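J.: The structure is given below, and queries will be raised subsequently.
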Amino acid sequence: MEEDYGVFILDVEGTVCPIAFVREQLFPYFLDKVEELINNADETERDLLADMQSRHGGAAAASLLRQLVAEDVKDPALKALQGRVWERGYASGEITAPVYADAVRFIQRNAGRVYIYSSGSVQAQRLLFGHVSNPSGDGVLDLTGHLAGFFDIPAAGRKTEAKSYERILAAIGLERQPGAAIFVSDSVAELDAASASGLSVRLAVRPGNERVSGARYTTLTDFEGL
């Protein structure tokens, strides 16, 4: 029996776009700009750098940034700094986001019912969905107007904690009807947390994703099946 959901909450990396985009394009782009970021930091960026350093033993900014990126640490200050650097890359046309064609169609078809939840900052999420490579031809698509909202670590909490999903459900008015929403991600740990909050879940299986053996969740290979 086909289930009908009123709200869709989507992960980004490995779900709506390839893991390779983040790891092989966005992260290297940021690392290439580290020295420029530090040397030309505005007041907000200086505050973010100082906050990050204070929480990581006062290490030198450049080496700390590279270390946190290499270890994929979900540091809020790092995510904010990455968002600011990527904003310049999107604005210059150096970066466009390769969102899967089926995900583009799904978001367009379900306008106003799709939320994004990522460890990347809300700013980075808006940039990504505002600069999508057009899968049907040339040019860039802006999908932000089709999306109902964005959540990140500061807004909701870490994605491996059930309370984070409870906060999202409360924010969108579904705390009493968690089963009316579905969360899609390539991470079993995230699905475990979301499921504990009462959300329905699907495991995204995309090219390049880590293989999940003995998966206990229904898989989704593209959004035409949702």
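Note: Cβ is positioned from N, Cα and C throughout, glycine not excepted.
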J.: Need a hand: Swiss-Prot gives Asp11, Glu13 for Mg(2+), which of Asp152, Asp186, Asp192 is also on that list?
T.: Asp186
J.: Is Lys159 (substrate binding site) helix, strand or coil when read with DSSP?
T.: coil
J.: Where Glu13 (Mg(2+) binding site) and Ser118 (substrate binding site) are concerned, what is their Cα separation in Å, rounded?
T.: 8
J.: Among the binding-site residues listed here (Ser118, Ser119, Lys159), which has the Cα closest to the Cα of Asp11 (Mg(2+) binding site)?
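T.: So, spelling it out, the nearest of the binding-site residues is Ser118.
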J.: Other residues near the Mg(2+) site, CB within 8 A of the CB centroid of Asp11, Glu13, Asp186?
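T.: Nearby residues not in the site list: Val12, Gly14, Thr15, Val16, Ile19, Ser118, Ser185, Ser187, Glu190, Ala204, Asn209.
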